[in-house]
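The structure under discussion appears below in the form of structure tokens.
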Amino acid sequence: MQSAAFTLTPSLRLPKPRRPSVSSAVKPRFDPIRVSASSKPSNFNDAVSASFPRRSWSLSSSSSDFKLRPWTSVPLVDSDEGTKRFEVRATAETAGESSESGSSIFKTLELGALFGLWYLFNIWFNIYNKQVLKVFPYPVTVTGIQFAVGTVVVLLMWGLNLYKKPKVSSAQLAAILPLAIVHTLGNLFTNMSLGKVAVSFTHTIKASEPFFSVILSAMFLGEIPTPWVVASLIPIVGGVGLASITEASFNWAGFWSAMASNLTNQSRNVLSKKVMVKKEANMDNITLFSIITVMSFFLLTPVAIFMEGVKFTPTVMQSAGLNVKQVYIRSLIAALCFHAYQQRVSPVTHSVGNCVKRVVVIVSSVLFFKTPVSAVNSFGTGLALAGVFLYSRVKRIKAKPKSA
């Protein structure tokens, strides 16, 4: 049979032909018609034109079957290019996850290093401070020297622009003054206790700080503790009492000095909430502590001279048979460590880390000074520290509001 070719002009608007069914037994037939471009389109074609894009069709009747080859102006998506875009996006997401993971690891290492330095400075302070107080039993003078070294460090930081020097108003100084007073007393009572009893026993007593915090907060801030907090105080008080009655170096002066240290330190915390010192741009935590250190030096120096006289001169120490160079070096190291470990981490991490710090200081001091510790004494100390850790956890539990 002779083949015939049929063409349609581009002006003809036709709907998209349907794909013939495989099961259909009848083949479609087309009449040999040539449509003129000047013929008027029907309404059906107009309606189809609004729904379908204009296309040009080439029909071939060379055989009983025919093929439709539509032309479209929309470019096909390059599979290779799409794959590349997918690979780039996946690589970017992977890189972002790796960056976040690396940042998290870096923050964890940084926090661990800060805790390590914090514990190390605490150990050195307690060991060197105890060595000085054993041969130089003047706790007011020793505390004043520590504030003096801290003041020099603060002035160097401000003078060398290592930290911005604050502009403090007289109203701010008046608000900070009560904090400086209780801060001075807290450190003074701690040194008095360290000079009288073992380091481990002083820190065992100081583990009862949460008890004073709860009492003072309820009295002055109206913060009623939850039953969980009250329950956590039981092992603290019981452990401190058990350790006290079995302590070989126990004496009442050291015991009450450590208790007074707890009272003044927790009064400082409560007072800071009560006074509500306004933290402006020039009043962050480091600046506040620096100002308190300088004020404590000026507050305690005249008291030390009045109570103990001028005892830290080489002449006086040589006449007492002391190694002047050794006492000076140990006093300087203790003072620098005292100022360094006061630079704390955030309050949330500090509450838990402070409990671990007590354990580290107690164990290291027992090993260094070879302090005799009985089994009952160890149990009491461990019980008190466990109570402190429990307190730091349950303190975050909020009391349920009472329903109306």
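Glycine is no exception: its Cβ is also placed from the backbone N, Cα and C atoms.
Among the residue ranges 1-27, 28-54, 55-81, the one that TrEMBL annotates as region 'Disordered' is 1-27.
Contact between the transmembrane segment (170-190) and the transmembrane segment (373-392) is not supported: fewer than 3 Cβ pairs lie under 8 Å, counting only residues 6 or more apart in sequence. The stretches the transmembrane segment (211-237) and the transmembrane segment (373-392) meet in space: the count of Cβ pairs below 8 angstroms, excluding pairs fewer than 6 apart in sequence, reaches at least three. Of the candidate ranges 111-128, 286-307, 373-392, 286-307 has the most C-beta pairs within less than 8 angstroms of the transmembrane segment (135-158). Beyond the transmembrane segment (373-392), the same-chain residues lying 6 or more positions past its ends with a Cβ under 8 Å from any Cβ of the stretch are 200, 204, 207-210, 229, 232-244, 246-248, 351-352, 354-355, 358-359, 362, 366. The predicted model assigns the domain 'Sugar phosphate transporter' (110-392) a mean pLDDT of 87.
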